[in-house]
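Here Swiss-Prot flags R18 as site 'Transition state stabilizer', drawing on sequence analysis. Summarising the annotation, Swiss-Prot assigns active site, proton acceptor to Y23 and lists sequence analysis as the type of evidence. Under the heading substrate binding site, Swiss-Prot lists N74, H80, D87, I101, S102, R111, citing sequence analysis as support. The active site, proton donor annotation in Swiss-Prot covers H100 and rests on sequence analysis.
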Amino acid sequence: MMNILLINGPNLNLLGTREPEIYGNKTLSDIEKDLTKVAKEKSINLECFQSNHEGEIVDKIQESVKSIQGILINAGAFTHTSISIRDALIGSKIPFVELHISNIFSREDFRKESFLTDKAIGIISGFGISSYSLALEGIIGYLSIKD
């Protein structure tokens, strides 16, 4: 069975209440339940992890090296600031898809720079919560071809 890790960064625990005009009304728990169901239907084990703390995300990536085949990451604000998450992803050698609910390239200038994009196998951005299912499809397709 393929194991995929979903990582959500800071403030994504506030989905459903934080700026619903940008991020929608679904909670992170709703998104995780829906995505886990889709993964299970495809015989994929999806592990979900969220943290507001950069070091915890780095630790989770490092702990996953032997058990996870692919990572989906919505690093939130850490997308634009975290060299340590970038380095952990590179060091893990686990293929990853960067995802964002909003189109980060059509927002404030500081959100247009990602420290992850050039190392990701792909990026999904701007499709609302559908970005999660699109990213899952992308990583499954990539890993299926890779094997």
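We number each residue from 1, going along the chain as drawn.
Quick reminder: no glycine exception, Cβ is built from N, Cα and C everywhere.
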By a 10 A CB contact count over all chains shown, which of the recorded positions listed here is most packed: R18, H80, H100?
H100
List only the single closest residue to the residue listed as 'active site, proton donor', chosen from the recorded positions R18, Y23, N74, H80, D87 by CA-CA distance.
N74
How many other Cβ atoms are found within 10 Å of the Cβ atom of N74 (substrate binding site), counting all protein chains shown?
25
With H, G and I counted as helix, E and B as strand and the rest as coil, say where DSSP puts N74 (substrate binding site).
strand
Looking only at DSSP and grouping its letters into three states, which state does the residue listed as 'active site, proton donor' belong to?
strand
Nearest to Y23 (active site, proton acceptor) by Cα distance: which of the binding-site residues N74, H80, D87, I101 is it?
I101
